[in-house]
């Protein structure tokens, strides 16, 4: 007991000496220190394996996962009782989040100027908010001159640290730069022991730049009379997140115009992602279709025998479906009857009896009335998997079936559909078709993808998944 007290007294003495010398006492068992996101020295966890340049990708992935989790947690009853589709309020009442990576401009007159290319912002996207994220390293390595001769505590010094941000608009055609505004950030507000990430709202600056059609923005990060820590390790580059509301996202073919417009997307040059995202990219798993042939998806025509695909490039390499092969027919006594038919090759596949029974059973089980049917869309099948990060596929569903008279209440027919079905059943007016089975309620889908400048974008597209069907 006396020995333990002596050891405790000795440890307290060393602790006081270290405080007198202005040193921070090192915690015992440093290997048990909790890992902090962005800390490359702490072990464990996928965050410790991320490269500094992947910080923006990690941020966008967390935002996508958060939205997708809330979207998946919706209940079927959440759509009832209202005409507006269910939509979580996570994107600040917007439907678009764009990320922009910075590029250090060492060749310009102002060294340390980080340039952002904002040309991906469209005219239809109204900026709701914008934030600049930047890293300044460890606060403990910042050299400060204390005004008091007696010495200052570490926390007292930290209160005087302030970062200045100078925003510039750049015009490389004229080799000119114009001051856009000044901002300041207090480092103590966002302190982290390992890597200090700071953020600053730049909404007004970007709105002003977009209004003047100035999409090349530069930020110069400095400190007031104090020296920022030297970069012992490469710091993550600054990045900008822009929350916007795209007014044209509900327009016809908005998904095709924004996602299919990446036909010249440079494959193999996407930014690095960690292991659980690389599988979502799968850039090399699909061969490009022939550019000289219009597919049925592009010309809006039904596929037929006149559409000739390159067998070696598409179907043999991809093989999304199991090949159906005709089995050898059993010997029968009706060979003479079979020979009497025309001697041309039949274009109908010959199935065995077991396959036909399964097809009939499946047809009997499926309702003939208007109902929601299952449809899974894989982005690899339509050639979009190279730039869409997540999801790889989604359940779209579709509506199909008859709306015959009398229509049950479960089909939720409109008054016009009810009258139309009666007129068709009576037959007074010839040529009247029956009402159509169409989607009644639909939900949105969030898609994470690369834009033409290889920036990560999150968009929430409305009316992507059928929730219920009705006769109209």
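Cβ coordinates are placed from backbone N, Cα and C, and glycine is handled just like the others.
Here is what Swiss-Prot says about this protein:
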COMPBIAS  27-37  compositional bias 'Basic and acidic residues'
COMPBIAS  333-346  compositional bias 'Basic residues'
DISULFID  370-437  disulfide bond
DISULFID  399-469  disulfide bond
DISULFID  403-471  disulfide bond
CARBOHYD  117  N-linked glycosylation site
CARBOHYD  141  N-linked glycosylation site
CARBOHYD  175  N-linked glycosylation site
CARBOHYD  220  N-linked glycosylation site
CARBOHYD  463  N-linked glycosylation site
REGION    27-53  region 'Disordered'
REGION    320-350  region 'Disordered'
SIGNAL    1-22  signal peptide
Those residues of the chain, 6+ apart, with a Cβ under 8 Å from that of residue 471 (disulfide bond): 370, 403, 407, 411, 412, 413, 414, 417, 421, 435, 436, 437, 438
Residues near residue 469 (disulfide bond) in space but at least six apart in sequence (CB under 8 A): 370, 371, 372, 399, 401, 411, 437, 438, 439, 440
Sparsest Cβ surroundings (other CB atoms within 10 Å) among the disulfide-bonded residues 370, 399, 403, 437: 399
Number of other Cβ atoms within 10 Å of the Cβ of residue 463 (N-linked glycosylation site) across all protein chains: 15
C-beta crowding around residue 220 (N-linked glycosylation site), within 10 angstroms: 15
Between residue 220 (N-linked glycosylation site) and residue 117 (N-linked glycosylation site): CA-CA distance (Å): 15
Cβ packing number for residue 117 (N-linked glycosylation site), 10 Å threshold: 15
DSSP three-state assignment for residue 370 (disulfide bond): coil
Euclidean distance between Cα atoms of residue 220 (N-linked glycosylation site) and residue 463 (N-linked glycosylation site), Å: 42
